[in-house]
Structure formats: C-alpha cells, structure tokens
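Novice: Questions regarding the structure given below will be posed in turn.
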Amino acid sequence: MTTQTNETIAAIATAPGRGGVGIIRVSGPKALPIAQHILGITPKPRYAHYGDFCNANGDILDQGIALYFPNPHSFTGEDVLELQGHGGPVILDMLLDAVVQAGARLARPGEFSERAFLNDKLDLAQAEAIADLIEASSQQAAKQALNSLKGEFSNKIHELVEQLIHLRMYVESAIDFPEEEIDFLSDGIVEGKLNDVIDQTDAVLAQAQQGALLRDGMKVVIAGRPNAGKSSLLNALAEKDIAIVTNIAGTTRDVLREHIHIDGMPLHIIDTAGLRDSPDHVEQIGIERAWGEIESADRILLLIDTTDNSQLDVNVHWPEFTSNAAYAKKLTVIYNKIDESGFSTTNHTSDAPYQTLPLSAKTGAGLDTLKAHLKSVMGFQSTTEGGFSARRRHIHAIEQAQNYLLTGREQLQLHTAGELLAEDLRAAQNHLSEITGAFTPDDLLGKIFSSFCIGK
C-alpha cells in the first residue's frame, strides 16, 4: 500500500506547555532541504547534530539536536527530520513557523501515523495502539498497548485470516471440481478446520474484550432513592470526598463522575440524583440525566436503604429495573447501611437474574466484596500476562466474523452448501481484515486518524 506524496508536513510532537525539551517533527520530500535551511548544513542520516536553529533571515531561534532519517528507514517511510530544542511554547511556535516558511505545511491530527500506515510501516491496529499507549490510564493498559504496537494483536488476526484463506481454497476447490473423488465438503475435513478457526476466534475475542476493558474502562452508575447512600458509596470507592453527603434528601442534583482503578481495571463511577417523583424542576432535570446514564451503563448499582424495611422488596419498588431485561442483566442490588440495620441477605435470597450484596458505604464493610464483584462481572483478570489493547471496533469486527463462521458451519452441516459457506468465509475474512486495515473503507481511516494527537 506504499504511497508517495509531494507534500511535506510538520507539527510540534511534544505535549502543549513548558518542558525541558520540545520536538518539531517533519515528514516528506522537503525534509532534507528544510534541514539545510534551518541548520545551515546537510545533516548525515541517523546522526545527532547539535547546533543553531535559524529562520530564513539567519536569525538564531534556538539551539538543539537535529536528527535526519531518509526514506524508507523512518517512522513514516518518508524522509523525516526531528528538531529537538527547548520546550517553551513561544520558541516552538517560532521554530515551527520557520519550518513552514521553508516549505512544509501544518500536519493534520494523526497524519504522521496515517502516512506510516499507508507506507506499510505499521498496520491499522498498530497505529491505533500508538494513541492507546499515550492515553493509557494504568501500567497494565500501557503494557497491553505496547504489545499491540509490537504487533501481537495483528499477528493473531493475520493467523486467523491465513487459516480462512486456506479453508476457502478447500471449499472453492470442492465447488470448482465436483467430479473429483474426494468430497472435501462431506468428508469432515472442512468442518474440522472450520471448528478450529471458530475456537481460535473465540479465544482472540476474549482477549480483545479484556484489552478493550483496560482501554475504555467500565461505566458503573450508582442509582437509588434519595438518601440511600449513593454519594457515600462514590466517596468510598474513590477513597476521597468527591460528593457532598448530608441527611437532606436530594442533595445530589446533577451527575458526578470519578475515574478510579481496581487492581488495574479502570472504572468510570457515576453518582446520580435520587430517583423519585419531585415537583422541583431542577431536581427533575437531574433525575432525567440519571436515567440517561443508567441507559448507557455497563453496570448498575441499585442502592437500597436497609434502615427502611418498607423498601427492601426490590421487585415491588423497582420494577423499572427488575422487569426490564436490558437493565436486569447488568444490575447489582446493594443493600446499604448494614451497620445501622443489621441486615443480612441470607434472609432475602431469590432466583432473580441480578446479584445482591450487603454493604456499608459508611464503614466500608463489604466494599472489597463489591470490588471483586465488579471485576468478576466484567471478566477482568488483574494477573493476566501478555494480552493486547483493543477497541470496540475491533470487538465488533471479530463478533461479525464469528457470526459468519457460525452461519457457514450451519450451512455446511444442514445443506453441505459450498457456495453459501464460501461467501460466509469471504465475509468473515473481510471483517477480520478491517482490524489491520487490509480491508478498510477510506472513511473509517479518516475517522480513526483524525482522533490522534497532532504530531503523531
């Protein structure tokens, strides 16, 4: 997919603000002439030159180190120049302006990584891993992003694609040469190979889901009546006072958010307004927002005040959750304030699809059990070695591929339908290839790279 462009791009590659070092990155056919203008010399490839950085008038703007990498041995696959000077925003802006005056244009967000992808220096999953590594919120997330950058995720996808290609060869041979004595479609060979691919796809999907959880985190919404202890639970999970806690009902009127980690698993904890009928217009707005957060939650923690015996029957008082299958499957009922009530869930067992936990947000009793529960319901394993970062689009692509594989197996088992199986295998291969960019619409590429930092 190697591409050539006549445009040379430039950007500040270091983070905004002041720092000890600031870097200007340049990529394209004019990188060497720009280096000659700025440095006053012709730099040796892959050699650190220390000297003055000057503008077109010969004015010294800064002093620092210049590195020149001729194509194709560079990050982008093009001629690349890096100017490493002092990290002041004024200095960097002046130097960037001099680079632009010498023939470059300002880069779009993610354009350096996009050129690296187009020049086959890395695939799409690796390019996305660069952004994931920068944005990692924990050590484990950073390690898995680095694994993806090194190609571990891509290699697994390539292996699946290669197996699908060989499987398609078997199937299409049986279709094209039906007179042959060996019928690959009915002798079990194709079905056996297909089952192997399905099993391996399941394994990759499980790893991708773990990687996406580390990258994106789990959205946990705390819901319940006013004064059920929602804000106290937020503070307990965050281990600091985020929300105001009082005995006055309706203290929390808006959504409060806090980002925390449990053994490396990122969580977005959201405290919401107490759910009730209220004549107060402002409180009504907060309650509407609460339901909006509940709708998009990965997990709902419904708090029940155990000091009020009239509220203990969840099915009676919260049919909005228990009778709604979409809510019930992601619902955990928290019986709070057990330090005051002496409540025990052993007296309130049921066959409900949701889990119940006793807890005291005030004293912390049951908090460790809740944390372990959250890790369990999301399938998080804090001791997992290796692994790779993944995004929701990757999971969707693998799920789509798996659906086609399962449909193809059904066609094979019921009808020995070679043509239909071949089409399902082709579709599965295309979905998997979207992950690495081997088969990707241009509009998706634009969307992915536009979310990157400028200079990356």
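Heads up, the Cβ atoms here are built off N, Cα and C, so glycines get one too.
Note that the coordinates shown come from a computational prediction; the quantities given were computed from them, not determined experimentally.
The following feature annotations were taken from Swiss-Prot:
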BINDING   R25, E82, K121, K456  (6S)-5-formyl-5,6,7,8-tetrahydrofolate binding site
BINDING   N227, T246, I248, T251  K(+) binding site
BINDING   227-232, 246-252, 271-274  GTP binding site
BINDING   S231, T252  Mg(2+) binding site
DOMAIN    217-379  domain 'TrmE-type G'
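Let's see these features in context: how buried, what's close, how far.
Specialist: The 10 Å shell around the Cβ of K121 ((6S)-5-formyl-5,6,7,8-tetrahydrofolate binding site) contains 19 further Cβ atoms across the protein chains shown. In three-state terms derived from DSSP, K121 ((6S)-5-formyl-5,6,7,8-tetrahydrofolate binding site) belongs to neither a helical nor a strand segment and is classed as coil.
When other Cβ atoms within 10 Å of the Cβ of N227 (K(+) binding site) are tallied across all protein chains shown, the result is 22. DSSP assigns N227 (K(+) binding site) to coil, not to a helix or a strand.
The local packing around A273 (GTP binding site), expressed as other Cβ atoms within 10 Å of its Cβ over all shown chains, amounts to 27.
For S231 (Mg(2+) binding site), other Cβ atoms within 10 Å of its Cβ number 23.
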Novice: When you measure from the Cβ of E82 ((6S)-5-formyl-5,6,7,8-tetrahydrofolate binding site), how many other Cβ atoms are you left with inside 10 Å?
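Specialist: Looking across every protein chain shown, the total is 21.
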Novice: Would you mind giving the whole-number mean pLDDT across the domain 'TrmE-type G' (217-379)?
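Specialist: The average pLDDT of the model in the domain 'TrmE-type G' (217-379) works out to 84.
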Novice: Highest Cβ count within 10 Å among the binding-site residues R25, K230: which residue is it?
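Specialist: Result of the Cβ crowding comparison: K230.
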Novice: So, in DSSP terms, is E82 ((6S)-5-formyl-5,6,7,8-tetrahydrofolate binding site) helix, strand, or coil?
Specialist: strand
Novice: How far is it from K121 ((6S)-5-formyl-5,6,7,8-tetrahydrofolate binding site) to K230 (GTP binding site), counting Cα to Cα, in Å?
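Specialist: Rounded to the nearest whole number, the Cα-Cα distance is 50 Å.
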